[in-house]
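> Right, I'll just put the structure down here and ask away after.
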Amino acid sequence: MTTALQRRESASLWQQFCEWVTSTDNRLYVGWFGVLMIPTLLTATICFIVAFIAAPPVDIDGIREPVAGSLMYGNNIISGAVVPSSNAIGLHFYPIWEAASLDEWLYNGGPYQLVVFHFLIGVFCYMGREWELSYRLGMRPWICVAYSAPVAAATAVFLIYPIGQGSFSDGMPLGISGTFNFMFVFQAEHNILMHPFHMLGVAGVFGGSLFSAMHGSLVTSSLVRETTETESQNYGYKFGQEEETYNIVAAHGYFGRLIFQYASFNNSRSLHFFLAAWPVVGIWFTSLGISTMAFNLNGFNFNQSVLDSQGRVINTWADVLNRANLGMEVMHERNAHNFPLDLAAGEATPVALTAPAING
């Protein structure tokens, strides 16, 4: 028997790099999307941390009244944020080299754009990397489809909404209380609670939580016993085992009798597709709602829609919500405008019908 040996030609440095990038044997898969994802997410993370700790106040409304968001300027973890870029900048691209100085860039909220743009590119690439790894492993592509829901939500609040409103100062602040402020102002200006797409999103998130808890509790309650009473049931499962670890027939029978027969899935694949699709579709709709309200296609207005026989208004919850909206609109950006737009747009109300007599 003769064995022929042939020396393998040494691969070029570029070829070695390509093989390393696309190798599924690495502990963490890099991928071509990862080549862009890693530097952008690192840049966004580092800038966010530095800005959250030490950024000076930002003139968010463009009226020379800076708002402090960093820890070194008196905030804590709850109240701190990376403040959105100034209304004086609007939708202009504002990298460091566009400012006259670093102080000007910080004063106008440049770090916000740097973080948001790099973050969005990073999460887009993360989604592409999920598809890429699935493709390399011969899997179906639904993981990246599910991830597209939070990606769409982030894109809506950080990019689409500011574009629709005409300024990145209207984007969501990068902090806890700043997020809540964004939600209140969004409700005041767009009545999002009365928008059908937001309602679908609420059903998706809360329904997804309910279905996840129901599924987890049913599976845990119908595990196939493989251990004794003194051992943890978790030891009854061996990674990669071929046998079912729970009795789907028992779970189906229990739930079918608890509700009714057709409320229970008898197919594990369709069940898990439903668990994935419900919250994803809901969040898609919410993202679409944010994107339409960005261009002021707002929630339903049922204010003063119920009248008695004399034409007097009978207040409904829509009217209560409208009062809350006006209150929130009065409070926010109190120095940027003299009067809330919703109140200023109505007919003028006379405050004095006749001039008072003086010394006469």
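The backbone N, Cα and C atoms fix where each Cβ goes, glycine too.
So Swiss-Prot has the following annotated:
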TRANSMEM  29-46  transmembrane segment
BINDING   H118  chlorophyll a ChlzD1 binding site
TRANSMEM  118-133  transmembrane segment
TRANSMEM  142-156  transmembrane segment
SITE      Y161  site 'Tyrosine radical intermediate'
SITE      H190  site 'Stabilizes free radical intermediate'
TRANSMEM  197-218  transmembrane segment
BINDING   H198  chlorophyll a PD1 binding site
TRANSMEM  274-288  transmembrane segment
> For Y161 (site 'Tyrosine radical intermediate'), which DSSP three-state class applies?
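The three-state answer is helix.
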> Using Cα coordinates, what distance in whole Å links Y161 (site 'Tyrosine radical intermediate') and the residue listed as 'chlorophyll a ChlzD1 binding site'?
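Just about 17 Å between their Cα atoms.
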> By a Cβ-Cβ criterion of under 8 Å, what residues six or more beyond either terminus of the transmembrane segment (197-218) are in contact with it?
251, 254-255, 271, 274-275, 278-283, 285-286, 288-289, 292, 299
> Is the transmembrane segment (29-46) packed against any residues at least 6 beyond its ends, judged by a Cβ distance under 8 Å, and which are they?
20-23, 114-116, 118-119, 121-123, 125-126, 128-129, 132-133, 136
> With Cβ-Cβ distances below 8 Å as the criterion, list the same-chain residues six or more beyond the ends of the transmembrane segment (142-156) that contact it, or say none.
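Beyond its ends, the transmembrane segment (142-156) has Cβ neighbours at 119-120, 123-124, 126-128, 130-131, 134, 276, 279-280, 283-284, 286-288, 290-291, 294.
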> Write down the Cα-Cα distance for the residue listed as 'chlorophyll a PD1 binding site' and H190 (site 'Stabilizes free radical intermediate'), rounded and given in Å.
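Just about 11 Å between their Cα atoms.
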> Any idea what the Cα distance is from the residue listed as 'chlorophyll a PD1 binding site' over to the residue listed as 'chlorophyll a ChlzD1 binding site', rounded to a whole Å?
27
> Note down the number of other Cβ atoms within 10 Å of the Cβ of H198 (chlorophyll a PD1 binding site), including every protein chain shown.
22
> Just counting, how many other CB atoms are there within 10 A of the CB of Y161 (site 'Tyrosine radical intermediate')?
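So the Cβ neighbour count for Y161 (site 'Tyrosine radical intermediate') comes to 22.
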> Neighbour count, 10 Å Cβ-Cβ cut-off, for the residue listed as 'chlorophyll a ChlzD1 binding site': what number do you get?
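There are 20 of them.
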